[in-house]
Amino acid sequence: MMKFTKQNFFFLVGGMIIYVVDIGVDFWVASRYFCQGQYSWSILTLCFRGLSSIITQIFSYEWFKNDWEGTDTGKLKLVFLVHLFHCGVFIRYWFALKYGCQAAFKQTSIRGASEADPSNFIQKQAIDAVTDINMLRVFKAFLETTPQLFLQIYILMEQGKTHFYQYAAIMMSFCGISLSMVDYQISLRKSLPDKDEFHVLSKFTYLFYKLLTITSWILSISLITQLSVRISVILLIFLWICGFIWTLKQHTTFCKSKKMEYLYRAVVGIILIFSFFNIKGRGTKVCISIYYATHTVVTLGILFVYLFWKLSIIKEICFTIVSILTILSLVLGIIFLVVYYSHFHPTTYCRPQARSDEVDGVAGQKDRVKHARFQNFLMQ
């Protein structure tokens, strides 16, 4: 098991600060739109925030129930009330800061010692607490932050006017996506013993691969939304249905209950609209190739359709600049993708199990809930 370091602790504190600032920026942007009479933009901004918060609270509480199974029910009722008021993530940050401080500043992990050893047990608690937060932040990144980025870029293209709060929202979206991606991979490699350490160069390669491909796709969707909101909505719904069906065929076993499993698959379907998501930890060379080849074809198709169908407004939205940025970010994103998978992506996904039917978390195996949860939540 890797060690939870002081650097990890400071990154955790920084992540919490950005999480709080992001909430404040969202409400600030929504209030500015409302004051300007742009009620639809204000409502959409708050809807993205609300949907993301509801889903993350549901998953967070469900994980608390799984981890605290058989403990004091009064404690769970209090946790439920906190999640009901959308503050569940702050409880998780409290536990992460508590265990992280002990692991980074007060405990020394003994190499080769068992997990029952007090020092290594604290290390594991810290890593598990941060891992849960980072899983929730991945949900938030694609349920709220990425749609917010799309919305703000679309508004800029639609209005042609720029305000400071719009740039603030876009910058916070990029920061949120970047941190959630990198922190996720760090937690993944700390939690699964056979993962290699995530070095600086691999972090940047992975970050640019994700950010550039997502940016290209968001610019493409923004263009087609300018062309027709109806077509854009139909396209997004169609992509979600395709992602959801693919997830169903993977027979995921991330959650203990069937209802939560279907919610998880629906969320993965949303994530797949914007970025590739590996949900089974298997080799996905064919799937990821098809995914980004399709994105490339659709992106080029949107640019050609826009070029020949809407010539009259090309100058108004700086079509040339947007199209260059779209193609450039797509090409660079694919290059970083190839470099990452060729040189930095670990080939081993998880520790071999004693029995093949014990890979997925099973009710009653309380001591393996944490490992199994992350083991079935693998994103390349």
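The backbone N, Cα and C atoms fix where each Cβ goes, glycine too.
A TrEMBL annotation is a machine prediction, not a hand-curated record.
Under the heading transmembrane segment, TrEMBL lists 9-29, 76-95, 164-186, 207-225, 231-248, 260-277, 289-309, 321-341.
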- Message: When you look at the transmembrane segment (9-29) alongside the transmembrane segment (164-186), do they share 3+ Cβ pairs under 8 Å, ignoring any pair fewer than 6 residues apart in sequence?
- Response: yes
- Message: Take the C-beta pairs under 8 A between the transmembrane segment (260-277) and each of 76-95, 207-225, 231-248, 321-341. Which stretch has the highest count?
- Response: 231-248
- Item | Segment proximity, the transmembrane segment (289-309) to the transmembrane segment (231-248), 3 or more C-beta pairs under 8 Å | no
- Message: Which sequence-distant residues neighbour the transmembrane segment (321-341)? Criterion: at least 6 residues beyond either end, Cβ under 8 Å.
- Response: 157, 202, 205-206, 208-216, 219-220, 222-223, 285, 288, 292, 295-296, 299, 303, 306-307, 380
- Message: Are there residues at least six beyond either end of the transmembrane segment (76-95) with Cβ under 8 Å to its Cβ atoms? List them, or say none.
- Response: 12, 16, 19, 53-54, 56-58, 60-61, 64-65, 68, 129, 132-133, 136
